[in-house]
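Visitor: After the structure tokens below, expect a handful of questions from me.
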Amino acid sequence: MKKLIVGNWKMNGLASSLAEIEALKGLTGEAACDIVVCPPFTLVEKAVERARGSGIAIGAQDCHAQTSGAYTGDVSAEMLAEIGARFVILGHSERRSAYKEMDAVVAGKAAAVHGAGLVSIICVGETREERDEGRAIKVVRAQLEASIPNTATSSNTTIAYEPVWAIGTGLVPTLEQIEEIHSSIRQALEKRLGENGQGVRILYGGSVKASNAKAIFGVSNVDGALVGGASLKASEFAGIITAAA
Ligand code: PEP
């Protein structure tokens, strides 16, 4: 399966940061993997313009489950599609913890993303406490089951396994731990989606850098990465993309 590398800029970036997309175009050229950059909402349209003609697709970091209405401050999947976004990250652990986003909310948003013709990147992952208690697989499987809507197919859905304790901390699970969870996610996807479950890409996320990417990409059922901090600088992000080739 062709690998997918997604950069999540989180709440970082002003117009000047778009130069990183320009630099990335030069550094990656004809990359052997799919590349997505998800800047904050304010930069999505401009990023689409900057990335035009390159292999880089642009995504957003969240959206609302409804198409329109009285939802002050929110943005719909249809609005994102109109300005050229192609992917939407959903259920990131920072949103699950800061905004108490439950699995059912994530599933509703994912259905809206699919309805707008976009690809959902649905994030799941256990906390440190849950891992220490031996519940990582159980927690991830439950999140997965409840966060994937019935509209999911292999072409409109990507899963990102992101252990909460590995995000932005420099800590990374062992390759064996990553393999264990990714193979469990694959089984769950096949059970839920049948043949489609085999084609869904499962990304690993949590402190991925150019220096550890190659080893992580060698793990079975790791079909790419969701990258936070290391996606902000084109040179570092390009190192991860090269490792996926
Ligand atoms: C993320 O925010 O999805 C993430 C994986 O962050 P980082 O790469 O900085 O750990």
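Think of each number as a place in line: the chain as shown, counted from 1.
Glycine is no exception: its Cβ is also placed from the backbone N, Cα and C atoms.
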Visitor: Figure out which of GLY53, GLY55, GLY69, GLY168 sits with ASN8, TRP9, LYS10, SER207, GLY228, GLY229 in the substrate site per TrEMBL.
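Guide: Answer, per TrEMBL (substrate site with ASN8, TRP9, LYS10, SER207, GLY228, GLY229), from GLY53, GLY55, GLY69, GLY168: GLY168.
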Visitor: Can you check what DSSP calls TRP9 (substrate binding site), collapsed to helix, strand or coil?
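Guide: The residue in question, TRP9 (substrate binding site), is coil (DSSP, three-state).
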Visitor: Out of GLY168, GLY228, which of these binding-site residues shows the lowest number of other CB atoms within 10 Å of its CB?
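Guide: Ranked by other Cβ atoms within 10 Å, the binding-site residues GLY168, GLY228 bottom out at GLY168.
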Visitor: Quick one: what's DSSP say for HIS92 (active site, electrophile), helix, strand or coil?
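Guide: Once the DSSP labels are grouped into three classes, HIS92 (active site, electrophile) ends up as coil.
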